[in-house]
Amino acid sequence: MLKIIIPTIMLFPVTWYSKNSMIWINTTSHSLMISLMGLLLLNHPSNNSNNFSLNFFSDPLSSPLLMLTMWLLPLMIMASQHHLAKEPWFRKKSYLSMLITLQMFLIMTFMATELILFYILFEATLIPTLIIITRWGNQTERLNAGMYFLFYTLTGSLPLLVALIYLQSSMGSLNLLTINLWLKELPNSWSTNLLWMACIMAFMVKMPLYGLHLWLPKAHVEAPIAGSMVLAAVLLKLGGYGMMRITIILDPTTKSMAYPFLMLCLWGMIMTSSICLRQTDLKSLIAYSSVSHMALVIVAILVQTPLGFMGATALMIAHGLTSSMLFCLANSNYERIHSRTMLMARGLQTLLPLMTTWWLLASLNNLALPPSINLIGELLVTITSFSWSNITVILIGLNMLITALYSLYMLITTQRGKLTYYLHNLNPSLTRENTLMSMHMLPLLFLTLNPKIILGPTF
């Protein structure tokens, strides 16, 4: 545990004491070494958890998410270099400090044993994210996006705190390791239903559930590149992880209470996919596609079967890497043509052929082409939801079709077609960008060879 936390804390002096010319190379290489040390966490000889201390542990569910969090920091630092180029050194260093703080909170959130500690760290991730969005975003609307993000998350999370304090007083402990050993079934009453709602709502807002998703497109569109990456790749996964952890306590109630939410997810999944077909703004399209993918994860978790949990974990990891890569690609377009409108960027295949290769790979992963882990996740979710109700196959099949449509629509609109007349002196694709894309793509390709390390605790 400390072999990850202490080097992460040491990134602060590395950032602030590095020479100005060495800031990027030092932080990137240091954070990459931390993420390689974290690979040891993925080794679970048995299906048990590794208990580092009384407060922190990792198990087959949290270790893939931990690995994703650690892998993302060097990528965010690499992606941010261009848009911070004209900022003064102090601001560059404070931006990096925010990213490192966020990384530290996220690592501890995924490792927490106590649910109250998990809640505190879950809320703490809000602060650095908010500062990144409202300070380094592009347009003035970033303040509005920050307000949405803050109030949606806070309003959703307050009932969870009350519910956790109530559970603590009634059960005596909220330790995740012991709680399922002496768990009493919750009584079947309306107050239990309220407790279930209070516990689940915070994670539903974070995921986000269709209907509570309005903060997500705003936050994604206005955030700088690192903000978008960490938001899509890790912060949405906090919701899924929290739901998997807390549904253990709410055992029999979920079966009856999940119906309206399952309906809403299946409906919202198709709605948000359809919205993607009508988008002109590239970042907004990727944000809405995140909502539709996360709806699948909510379905998988609420059906409450081992296969569902496996599918949800696989889909979360796959989506984390894929959507982060899509945001990087959108950002590399934005740095060249200074517009997020897709039609403005058409015909880039002739100018940047290598970037088109990355666009193709990212789009194919997004539409879950075999044998990607996106497909493995989606298949497991489909099997799970089919066991719950046969009709869901039609809805999930329709969603897969629309996902394929908007992924290819995005690819064709940005890469094919005639060049717009004002694109004549573009920068070529940089080695930094190609490295960044390959570092997103390689884990996705390698995981197709051995997906069981990210299939969670039930494999």
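Indices start at 1 and increase along the chain as displayed.
Including glycine, each Cβ sits where the backbone N, Cα and C put it.
Here Swiss-Prot flags 22-42, 60-80, 95-111, 113-133, 147-167, 194-214, 224-244, 257-277, 284-303, 308-330, 342-362, 391-411 as transmembrane segment, drawing on sequence analysis.
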Two-stretch contact, the transmembrane segment (257-277) and the transmembrane segment (284-303), at least three Cβ pairs under 8 Å: yes
Cβ pairs under 8 Å between the transmembrane segment (113-133) and the transmembrane segment (224-244), at least three: yes
Residue numbers, six or more beyond the limits of the transmembrane segment (95-111), whose CB comes under 8 Å of its CB atoms: 1, 4-5, 8-9, 11-12, 15-16, 23, 27, 31, 52, 56-58, 62, 65-66, 69-70, 72-73, 76-77, 80, 84, 87, 118, 121-122, 124-125, 128-129, 131-132, 136, 226, 230, 234-235, 238, 241
Outside the transmembrane segment (22-42), six or more residues from its ends: residues with CB under 8 Å to it: 3-4, 7-8, 10-11, 14-15, 50, 58, 63-64, 66-67, 70-71, 73-74, 77-78, 81, 89, 92-93, 96, 103, 453
Considering the transmembrane segment (391-411), which listed stretch of 60-80, 194-214, 224-244, 284-303, 308-330 counts the most C-beta pairs under 8 Å: 284-303
Cβ pairs under 8 Å between the transmembrane segment (224-244) and the transmembrane segment (342-362), at least three: no
Interface check, the transmembrane segment (308-330) with the transmembrane segment (147-167), three or more C-beta pairs under 8 A: no
Beyond the flanks of the transmembrane segment (147-167) by at least 6 residues, Cβ under 8 Å: 115-116, 119, 122-123, 126, 129-130, 133, 174, 195, 197-199, 201-206, 208, 212, 214-215, 218-219, 249
